[in-house]
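Written below as structure tokens is the structure these notes are about.
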Amino acid sequence: MSMVVRTLGRVDYLATVQAMQDYTARRGPQDPDLLWLCEHDRLYTQGLAGQDRHVLAPGDIPVLQSNRGGQVTFHGPGQVVAYPLIDLRRAGYYVKEYVYRIEEAVIRCLAQWGVTGHRVAGAPGIYVRPDDPGGHALLPLRPPKSPGTPAPAPDFQGLGKIAALGVKVSRHCSYHGVALNVAMDLEPFARINPCGYAGLRTVDLSTIGVRLRWDEAAQLLGRQLCIWLAP
């Protein structure tokens, strides 16, 4: 069964989350998977793991609680937000692979614009080297975890985060998703510790020299997600 893609444009965050929850609650085995592509007005969202100490100075930007995974992030105009509503049991993969597939779709999308996307162990999302966005050098390996000690902290040296990911799974079905920064006002990211990491730099495509309209970026991201989330 093919995924149904809907480009929604700019929509209210809370109304969109409610619509995702409603569809997930009522969907049956024959209902199609959906992919919603949209953007939101300026707001911060706190995930289930969110801590108030990571919201530094929100000012006039509202902070909303969300039932997605992860910590605090910012949404605003110029960001493509993709919400896959997938029956994971029917698709045949678990949450860990689902996250990997979303990240891979973003990486393949960036590659078509001449940008190399990277994963950072322990920190979901996609990162780029702002000073060398097209370079293919591998990131340093994460030191192994010693028995009885916490995992080493993620190493963001020389990196900027370009796509944030936070998902929710209910009744084996996913909602929420991934946000790709295209051409945004990035200043609000300085008012938080993005995704719970103090000092983590956030970038968008325009920062690294890629000029795209929102609809162009949304179309390609949607296409890659359809490919990589297929059963």
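Even glycines carry a Cβ here, placed using N, Cα and C.
Since we're looking at a predicted model, the values are computed, not measured.
Lifted from Swiss-Prot, the feature list:
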| type | residues | note |
| --- | --- | --- |
| DOMAIN | 29-231 | domain 'BPL/LPL catalytic' |
| BINDING | R68, G69, G70, Q71, V72, T73, F74, H75, A164, L165, G166, G177, V178, A179 | substrate binding site |
| SITE | K161 | site 'Lowers pKa of active site Cys' |
| ACT_SITE | C195 | active site, acyl-thioester intermediate |
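Where Swiss-Prot records a feature, it is marked here on the structure.
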residue: R68; record: substrate binding site; DSSP class: coil
residue: F74; record: substrate binding site; DSSP class: strand
residue: K161; record: site 'Lowers pKa of active site Cys'; DSSP class: strand
residue: G166; record: substrate binding site; DSSP class: strand
residue: V178; record: substrate binding site; DSSP class: strand
residue: C195; record: active site, acyl-thioester intermediate; DSSP class: helix
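Taking Cβ-Cβ distances under 8 Å and a sequence separation of 6 or more, the neighbours of G70 (substrate binding site) in its chain are G47, L48, A49, G50, P124, A164, L165, G166, C195, G196. Those residues noted as binding substrate (R68, G69, G70, Q71, V72, T73, F74, H75, A164, L165, G166, G177, V178, A179) have their most widely separated CA atoms at a distance of 15 Å. Residue with the densest Cβ environment among the recorded positions V72, C195: V72, by other Cβ atoms within 10 Å. Mean pLDDT, taken over the domain 'BPL/LPL catalytic' (29-231), works out to 96 on the 0 to 100 scale. A straight line from the CA of V178 (substrate binding site) to the CA of K161 (site 'Lowers pKa of active site Cys') spans 12 Å. Rounded to a whole value, the Cα-Cα separation of R68 (substrate binding site) and K161 (site 'Lowers pKa of active site Cys') is 19 Å. Taking only the Cα positions, the spacing between F74 (substrate binding site) and K161 (site 'Lowers pKa of active site Cys') is 12 angstrom. Cα of V72 (substrate binding site) to Cα of K161 (site 'Lowers pKa of active site Cys'): a distance of 14 Å.
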